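Here's the structure, in structure tokens; my notes come after.
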Amino acid sequence: MNWRTVIYIILLVSFTIVKALPRSYRDLEEKNSIGQHFSQLQENNFKAIAMIMFAQYVQGDTFGKVVKMAEDVTHLAKRCAAADTDNPDCLKPLSRIFLDTICQEENLPKFTDCCARKDPERNDCFLSLKNSSRGFISPFESPNAEAACKNYSEHQQSLTGYFIYEVSRRHPFLYAPTILSGAIHYEEMMKDCCRGAEDSTHNLEECFRRQAPKVVKPVREDGLRQEHTCGILKKFGERTIKALKLAQISQKFPRADFVTVSKLMTDIANMHKDCCRGDMLQCMHDREEILHYVCTNQDIISSKIKKCCEKPLLQRSECIINAENDDKPANLSPHIREFIEDKAVCERFAQEKDTHLARFLYEYSRRHPEFSAQMLLRIGKGYEDLLDECCKAGSPDSCRSRGEEELKKHIYETESVMKTSCDIYKEKGDYYFQNELLLSFTKKMPQLTSAELIKFTKQMTTIGSKCCQLSQDKLLPCAEENLDLVLGEICRRHLTNAINPAVCHCCSSSYAHRRPCMGKLEIDENYVPLSLTPDLFTFHEDLCTTEEEKLRHEKQEMLINLIKYKPQITQEQLTSVTAAFTAMREQCCREENREACFVKEGPELIKRSEKMLSA
């Protein structure tokens, strides 16, 4: 199986592949047979899609079995395309053939119940068993560099197929072209790093370390974005996803009219529903149809996507997402007072509530690319609450006029929070800014492990370094939309293993208000502090390391434990304890027998610190 050929062909094919894909179980009795699909897709494309589908459906199966199933289905398709149209199997819908193939496999007890059901319930059952949680499949163990290059030289073709298999089964909801794109980067990395394997001056480990992010980062980031969107859809429903997409599309395409933006909003929301169910064929079909619509209607959508639409299909989607917002129409008025001052507002709100609110969000969003999508949703919710109150019988005519003052207040508060955070970041730099975040989030979420707290605050610090250097008109979208991804990850962690009731409230009450809600959290008063056991604070000579990153990590772990021991710690107490620790470390690192010094001085430091913290 020449996987190199498979991948390159599928990445370069045109929109005809999308037209060839079956629509899903909603169109179960599709007219196109497996033979027709095979003829339209061609063998290599058909085989690559089959490989990903089987690996995503049957995550626990071996590479050999997944390849066998993909080849069996491809072989049947080839026969049906040739002439064997009388074979009953050739007349089945493609989706049903995939599931029949799985159900014919032995030693798959997990799917016995699903296989006993009739379509389309059987497909729904299979989709429900997809598991994307970390740890469900053991982490991928990378071989050492020399072994990897030896394996590559001996099994070049199958090794790339194995990469596709491993990524697909660990990411059962991931969009297939993302996986195939990752495989291209993987192939390029192996080829580039292994070509000098025989050269003693060529540092294999360094080459892999330098190029691995190109392989891992796109897969991880796309997977995280998809998981994030699916989390919003699952927790807050289709209405929230539609509102979010409406705001984002209106900002990106301010020249597009309301009807066009509404169509894109609906199509994208439907795509996410299919993708989040794990219906990969339908997900691919939906996404490419949207791209086709956008690119064939550029004249009414955006002047900034021409180059994107000239790119190969796989690269088109990401290019459009990353394209700059189109220019606002020259005749676009700066204000939308008609949504407040028009006397017919309450009548329209009563007759077509969702459409009226959508029009408000569309008009406001296209005028304000400097706001984050989450802030626009909060503004939209504020407008809805205003009309709910002011359109009641007996409400004074002046009721709606206070909406503008409330809006200005919310904008000021949001911009102030971001400005203050950036001022702190610019003053303190990465490490000390992260420590400030650790201090805050450990008090809010002491149930998180040290590793989790360090990871989440590191991600937030990276957002600071990325966004705080931007101009004011780009700061808010960058900061809040990236922060939203981190908070989404925290909320998914909460669903897996509950953190505390306050976090639960922020994660479940309102998507748009999640960031302000988390920001207002204070000390978890119900948390039982850690006991001061002998192993809570241990000091050894590794604190004298010259590796700055390692030392900082150890200090941050101590800081977390200190806060978990004394959640009510004041800034003055923290400063005193930190100074005492620094003095002890400097003293012991000057001693000849460093370890003996830490064994002696460590307990003394703890005693002094207890007194400082109880003062």
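Think of each number as a place in line: the chain as shown, counted from 1.
Just so it is clear, glycine is given a Cβ too, placed from its N, Cα and C backbone atoms.
Curation plays no part in TrEMBL annotations; they are all automatic predictions.
As recorded in TrEMBL:
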BINDING   D279  Ca(2+) binding site
DISULFID  C80-C90  disulfide bond
DISULFID  C103-C115  disulfide bond
DISULFID  C193-C207  disulfide bond
DISULFID  C275-C283  disulfide bond
DISULFID  C295-C309  disulfide bond
DISULFID  C346-C391  disulfide bond
DISULFID  C390-C399  disulfide bond
DISULFID  C422-C468  disulfide bond
DISULFID  C467-C478  disulfide bond
DISULFID  C506-C517  disulfide bond
DISULFID  C544-C589  disulfide bond
DISULFID  C588-C597  disulfide bond
DOMAIN    23-212  domain 'Albumin'
DOMAIN    217-409  domain 'Albumin'
DOMAIN    410-607  domain 'Albumin'
SIGNAL    1-20  signal peptide
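Positions of TrEMBL features highlighted on the structure.
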residue	record	contacts (Cβ under 8 Å, 6+ apart)
C80	disulfide bond	S33, I34, G35, F38, N87, D89, C90
C193	disulfide bond	A145, C149, L204, C207, F208, Q211
C275	disulfide bond	F173, Y175, Q226, C230, C283, D286, R287
C391	disulfide bond	V345, C346, F349, A350
C468	disulfide bond	S421, C422, Y425, K426, L475, A479
C506	disulfide bond	C491, H513, R514, C517, M518, L521
C588	disulfide bond	F539, E541, L543, C544, R594, C597, F598, E601
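The disulfide-bonded residues recorded for this entry are C103, C309, C467, C589, and the Cα of C103 lies nearest to that of the residue listed as 'Ca(2+) binding site'. Considering only the disulfide-bonded residues C103, C115, C295, C589, the residue whose Cα is spatially closest to the Cα of C399 (disulfide bond) is C295. Sequence-distant neighbours of C115 (disulfide bond): residues of the same chain at least 6 apart with a C-beta under 8 Å from its C-beta are L99, I102, C103, R122.
Note on proximity: of the disulfide-bonded residues C295, C309, C390, C467, C478, the one nearest C589 (disulfide bond) is C467, by Cα distance.
Taking Cα separation as the measure, C309 (disulfide bond) is nearest to C478 of the disulfide-bonded residues C390, C467, C478. Taking Cβ-Cβ distances under 8 Å and a sequence separation of 6 or more, the neighbours of C478 (disulfide bond) in its chain are I463, K466, C467, L470. Other Cβ atoms within 10 Å of the Cβ of C544 (disulfide bond), summed over all protein chains shown, number 17. Of all Cβ atoms in the shown protein chains, 24 besides its own fall within 10 Å of the Cβ of C283 (disulfide bond). Every protein chain considered, the tally of other Cβ atoms within 10 Å of the Cβ of C90 (disulfide bond) stands at 19.
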